[in-house]
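Please read the structure below before turning to the comments.
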């Protein structure tokens, strides 16, 4: 039996796991609500009994109380509530309670757990009263199923809330008076692990994505090289095996990552604190991404001045992708091996399934670090993201000039590069905001993020620019203006909504945010229903979607391939919204339902 936080009501629970660091048990109630409870809030059902009470204050009509010496003296209001609660959960009980037979019952308490001092005083009073009314005990028992759930009127609005008890630094095990027959504490196995529901298709899905993601990147690169990159030409012809490997390309990728690592560790820029972990710790991060991209741009300018052939990236695109893939695999293996030697509190809930392949794919350790060098944060924001525009995309402009015999890149190439450059620069300028995202807060660092950061971002997000090198699309001035306006609208929604979310997550009590409306939840957190978050669900995704459309329009409609990012983002949006909705319903219960009624507009209707 687990006590519902904020009350003294006990319901039947199943213990899912135990966190040795926080000393909290993860339990699940009959309605699917998951909570984290302390040891003293979990007891065996055999230690509880329920006795009905009359609503009358008359001593002659007052029901006798349980013999448990831990019970405190009740006021009439408590007796009334107990009677109402007992009636609500006893569906099979007869209308005449005097004829109800004595059966195994569960104690329902509506007052806070008493302190030891109160118990000593109350026990003497209870024993005296119980002795006087011992003959009436049998007729006053209430037949109740142990698994029945008490739900008073005050609880209906929070019946599905997922509550996490806050940690009390000075919390010690309370002194409880011993009942005549001491209740046993339900203890979970010490070796049990905490995890969250598996996503991406679970364990079988992990095998699929490990094979599909590299194959899809290879398909895009080979397909975009065709004179006619139409899907009717699938599959694209495979080049000889030696075309995939180039030692110089591996050296180039390695030097690029090391160069970004040096910029990351330099004592330049702000040191920011991440969000609190399960242990309460807040990690520190060097957020100097804007400095890194400026230095990288200067390095590119120097190479241009020195007449370095920047078309190397275009001509060795496949070999560079292969080298990056190799590095991501080696990094993923290292991350999984080192995660086997860290404590449970350092593991990611989502990548702690116990299945080697799934945990390798999803990420076993939450925040792998070498001293103060955070591997996940570095890979998320530096080599792949800056490489996307700082090297790959910008260098494709030069190939466009040389191959088409132009004095300057085409309008379509300029728009694609400027739009994506603005997106990346904005992300690095507001680098601190990534610390409140799902990737940093919840996802472990494994193959999924390592491959995504080092291979997926720099070699698939550049497909549009790569396509325009061989398939230039002329754009009229009105078309350019319309696409620019569309981009500005999407960027404004994206930046404004993300700024609201980040500021609110970091300090909800900030006076500057007092104008924002919220819905309070039983977890202690609040749901934002003001600003852009009161207009549409996930407005940041809406801004992203509009920007993706602006990136794709300069490529025209001759082929589906340059619309890949748009299609991919919609699929990603469906997955993320689906996962978010499931998680939010579990965490916030009826508060989330209220949020959905308040914010009705949605981006992908069938997701909800």
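Each residue, glycine too, has its Cβ placed from N, Cα and C.
As stated in TrEMBL, the feature transmembrane segment covers range 548-574 out of the listed 548-574, 575-601. Annotated by TrEMBL as transmembrane segment, the relevant range among 147-166, 167-186, 247-266 is 247-266. Secondary structure of the domain 'Lamin-B receptor of TUDOR' (1-43) per DSSP (helix as H, G, I; strand as E, B; remaining residues coil): 3 helix, 22 strand, 18 coil. Of the two recorded stretches, the transmembrane segment (548-574) does not lie close to the transmembrane segment (287-305), with fewer than three CB pairs under 8 Å once pairs fewer than 6 apart in sequence are set aside. Long-range contacts of the transmembrane segment (247-266) within its own chain (CB-CB distance under 8 A, at least 6 residues past either end) are made by residues 286, 288, 291-292, 295-296, 299, 312, 316, 319-320, 322-324, 326-327, 373, 378, 382-383, 386-387, 391, 454. Within the chain, the transmembrane segment (287-305) has long-range Cβ neighbours (under 8 A, six or more residues past its boundaries) at 259-260, 263-264, 266, 268-272, 381-382, 386, 390-391, 394-395, 424-425, 427-429, 431-432.
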